[in-house]
Amino acid sequence: MDKIIFFAILIIFPLGQITKLGFVNLIDVFVVILTLITILKKPKYPNWYKYFLTFILFCVFSLIFNYQLTELKSILYLVRLISYSFIAVYVFNFYRKQIINSYLLILSCVSATLGWLQYIFLPDVRFLKNFGWDDHLYRMVGTFFDPTYLALIILLGIIIAVYKKHTKIFYFLLISLAFTYSRSTYLALGLFLLYKRKFLAIAFFAITVLLLPKMLSEGTDFGRVVSSQNKLSNYVETFKVIKKSPAIGVGFNNFCFARTNIEINSHACFGSDSSLLLILATTGVIGLFLFISFVLRVTSLAHTTYYIILTTSFVVVLVHSLFANSLFYPHIMFWLFSLVGLGSEVNRKR
């Protein structure tokens, strides 16, 4: 039963936001089901989990301390984070086959392929603004309705393709990433390729970007300043929230309610555009320290290829999360915790 649920998650993954109902995605539902099954099977917990649990307990404390700002949605988001962490516990205990990386690479390729279908047959997705999404024109957004997150999923696939030496897949994903016009992902990609000394790939990607259609829309203009100004404004508002409670934060995912409470001039209720700043704002300096401790513990697993892919992926997502709330995006959490579970299993076997 558990393997069927896990396989169902793999099937749902490339469908992105198509399966989203309200603030809950169908992938969340299957992850919660898999979590309950995993708990009932009385699993062993990897050593790093106590660091994660410490962070979670502090999140609970912060929510209780800021009970006047807390509502059901905040608690549900915390439950979702805990549920996704059990993907790692499940892989650690019950998914012994070393094919997780292959599955993830396939997911990245399928996501990119669906992105191409959207780009070719439905390049104008501005109508999605009526449903709460950003409006995009002539950018690859795929089934995720957001070029930034699609680009990150493609980039995570590129990392696996590099370490597994899948050259054709690497260049397919590289070209696909270019058509997202995601500058934050370009930056993360550039740092990764420099780290791997892939100078030929850097040149190839640079030429591809230079040849991309320009000025077809504001989103395809690399000199666009509106999005940069919006992010800067978001950072300023985030720091205002941080000042409200710098030690313990305003409570996990209470960011919107805290913004309203301190009377920030905004009629919209959006989260922070930076995952790390969001952690700092909602759990304070203490919470950020506990989270970093968890990440450092996870990235100190056995030095194998699995470990290198895991560590590189974490670093890339952390860089990306400076410009988007990448760390808590459901599909990214599934990806990272799958790698964490695989790395933990390999570490146990050594």
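Each residue's number is its place along the chain shown, starting with 1.
Note that Cβ sites are derived from N, Cα and C of the backbone, with glycine treated the same way.
Annotations in TrEMBL come from automatic prediction, not curation.
Since this is a predicted model, take the numbers as computed values, not measurements.
The feature domain 'O-antigen ligase-related' is assigned by TrEMBL to 171-292.
Among the features that TrEMBL reports, transmembrane segment is placed at 6-39 (among others). Sequence-distant neighbours of the transmembrane segment (6-39) (same chain, 6+ residues past either end, Cβ-Cβ under 8 Å): 73, 76, 79-80, 82-84, 86-87, 89-90, 93-95, 103, 107, 110-111, 114, 133, 142-146, 150, 330-331, 334.
Look at TrEMBL and you will find 51-69 (among others) tagged as transmembrane segment. Through the fold, the transmembrane segment (51-69) approaches residues 75, 78, 81-82, 85, 245, 248-252, 254, 257-258, 261, 282-284, 286-287, 290-291, 293-294, 297-298 of its own chain, all at least 6 residues removed from its boundaries and within a Cβ separation under 8 Å.
Annotated transmembrane segment per TrEMBL: 75-95 (among others), in sequence order.
Per TrEMBL, the feature transmembrane segment maps to 102-121 (among others). Within the chain, the transmembrane segment (102-121) has long-range Cβ neighbours (under 8 A, six or more residues past its boundaries) at 10, 13-14, 16, 138-144, 150, 153-154, 156-158, 160-161, 164, 166, 169, 172-173, 176-177, 179-180, 335, 338-339.
If you look up TrEMBL, you'll see 141-163 (among others) marked as transmembrane segment.
According to TrEMBL, the transmembrane segment annotation covers 170-193 (among others).
Annotated transmembrane segment per TrEMBL: 276-299 (among others), in sequence order.
As annotated by TrEMBL, transmembrane segment applies to 305-329 (among others).
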Close approaches to the transmembrane segment (305-329) from elsewhere in its chain (Cβ under 8 angstroms; 6 or more beyond its ends): 77, 81, 98, 101, 148-149, 152, 155-156, 159-160, 163, 184-185, 187-188, 191-192, 195, 231, 271-276, 278-279, 295, 298-299, 335-336, 339-340, 342-343, 346-347
Averaged pLDDT score, the domain 'O-antigen ligase-related' (171-292): 85
Helix, strand and coil totals (DSSP H, G, I; E, B; other) for the domain 'O-antigen ligase-related' (171-292): 81 helix, 0 strand, 41 coil
